[in-house]
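The block underneath contains the structure these notes are about, expressed in C-alpha cells.
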Amino acid sequence: MSSTYPPSAVDAVCSFSPASSTYSSPKPFDDVYFQMDNGDEQDPRIEHDLSPGGSDMTAEGLADPEGFWIVCSVVLVGDMTRGVTFPIMWSLVEELGGNSIWLGYVVSAFSFGRFIASPCMGKWSVEIGYTETLVASTTILLTGCVSFAQVYSVGNMYFLVFSQIVLGIGSATVGVTRAYVAEITATRQRTTYIALLTAVQYGAFTVTPIFGSIFSHFLKDKQYEVGFFVLNQYSAVAYFMASLCIVTLFLLLTRFHARHREEPTAKTKKSQRRIEQDELANRVTWFGLSVYNAALLGLMLLNITTKGSIGAFETMGINFAQSYFDLQPVVAGTIVSLSGIVGVCSLLSIGFLGRYLTDTQMIIGGITVLAIGTVSFASLQSVEMGAENSIVHYIVAIFMIYGLGYPIGHTAVIGLFSKVVGRRPQGHWQGWFAAAGSLSRIIFPIMTGYIAHYDEITTVLIVLFVVLVISNILVIMSAHTLFVLSV
C-alpha cells in the first residue's frame, strides 16, 4: 500500500452512502454506497458562510476560519471539565466516603451523559443548525459546572454522579464540532484540521490537570465562604470552568454565524476507478454487512478500544501513581500535563506525518506505542509490597501513552472515519461515533474500578494490552480496504 495518496485520489471527491434524499437523516449502516465525481471545491452540499467576511469552500484551507476557532473554544471548554478535575477527583470521592468502585462510576457518569446526548446533538446540528445546538450544549455545561461546585457542600456521592452526568451532556458536542470541521475543509486536508481540533480537545483534558493541581495546592484544607458561595479546592475548579463557559457563550451568540446548504447539482459521469470503488464498498461480507458498513462499524469499535484505554488510565491514574510510584497527586497530574503538551505537539504534526504515512499506518503505529507503554507497567509491584519503582519508568511510559501513542493513533481513527463517511451531512454519523467513544468511557472505567478493587491494577493493564493488540491486527488485515474507501 502506498504511503501517500496518488494524485487521482487527492483530486477525488469524498464518498457517502445515499439516503432517500441528500439531506435526509442518515440511518446507521445504509445498504448502498456510491461516490460523487465533482471535486471538493465545487461540491454544492458544502455550506456557505453568511458572515460579512465569509468565504466559500476552496480547494485549500478553511471555508470559515473564525467559526473553526470558535468551535475549538467549545471543544476546549467541554473537555477541560474532565482535565481540571483529574487531580482532585480521587480525593473528592474519598472525602465523600467512596472507594475505587465509586471512582469508576463517577468517571463513567461523565461519559454516560455524553453517550446519551451525542446522537441527539448530532441530529440537532443537522435539523436546527450548529449555532442553536452549541449554545444549548454550552448552557447545559454551565449548569453542570455550577452543580459540581456544590458537591462538597452537599456531601452526597449521588449528587456528584448527577453533576458529572450534566457535565457530560453539556460537553456532548464532539461529534457536532467534528462534523462542522468536516464540512468546511477539503478532503485532502481534513485529517490535518481534525487533528488540530483534536489537539485542542486532547490538550483540554491532558494539559489542564495542571490547573486542578494548582487549585489543589493553594486551597488544600482551606475554605472561604461568601454568602452561599463556598470556595475550596473542589469548587474553585468548577467556578473557573463556569467563567470559561460564559465567555464561550458570548462568542457563540455574537461571532458564530449559521451556515446553510444548497441543493446538489447533477452528478457528472463516474470514472471506471470510482465504479470499481463502489463495487468494493457494496460487496457483502461474510457476516452480512457491506464492506462500507463494516468499515464504519469497525472504526467505531476501534474508537472504543483506543479511547477506552485512555479512559482506564484516567480512572486509575492518580491511584496507580500513589500505589506503585509513591507520587503525590500534584506531581502525577503535572507529569500527565507535560506529557499532554507533547501530545498536543504530536497532533499538530499530523499534517507533516500525513505526507509520508496513510491514516491506517498512523493508526497502527500509534496503537503499537500505546500498547508498549501500557504493558510496561504490567510487571510492577506496588509500594505496599516493598517495591521501589523508578519514577523515570512512570515518566517514559506516560510519555509514550499520552505524548505519542494515543494522540496519533486515535486522531488518525477520527480522520479516517470522517473520510469514509464522506461529503454528506456528518452530524448524525459523528454523533454516533462520539457516542461509541463515550460508551468506551463508561465500560472501561467501571471495569477498571472493579478489577482494581477486587484484584490488581496490573490485571487491568494486561487486559488493555490484549485489546490493543487485537485491534492492531484487525487494522492491519483491513488496511487496503480502508485506504480505498477513504480516497
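Each residue, glycine too, has its Cβ placed from N, Cα and C.
Residues or ranges marked as domain 'Major facilitator superfamily (MFS) profile' by TrEMBL: 67-483. Among the features that TrEMBL reports, transmembrane segment is placed at 133-152, 158-181, 193-216, 236-253, 280-302, 330-350, 362-380, 392-417, 429-451, 457-485.
Highlighted: of the candidate stretches 133-152, 236-253, 330-350, 362-380, 457-485, 457-485 has the greatest count of Cβ pairs under 8 Å to the transmembrane segment (429-451). Just going by CB pairs under 8 A, the stretch in 133-152, 193-216, 362-380 that sits most against the transmembrane segment (330-350) is 193-216. When Cβ-Cβ distances under 8 Å to the transmembrane segment (236-253) are tallied for each of 133-152, 158-181, 457-485, the top count falls to 133-152. This prediction places the mean pLDDT of the domain 'Major facilitator superfamily (MFS) profile' (67-483) at 84.
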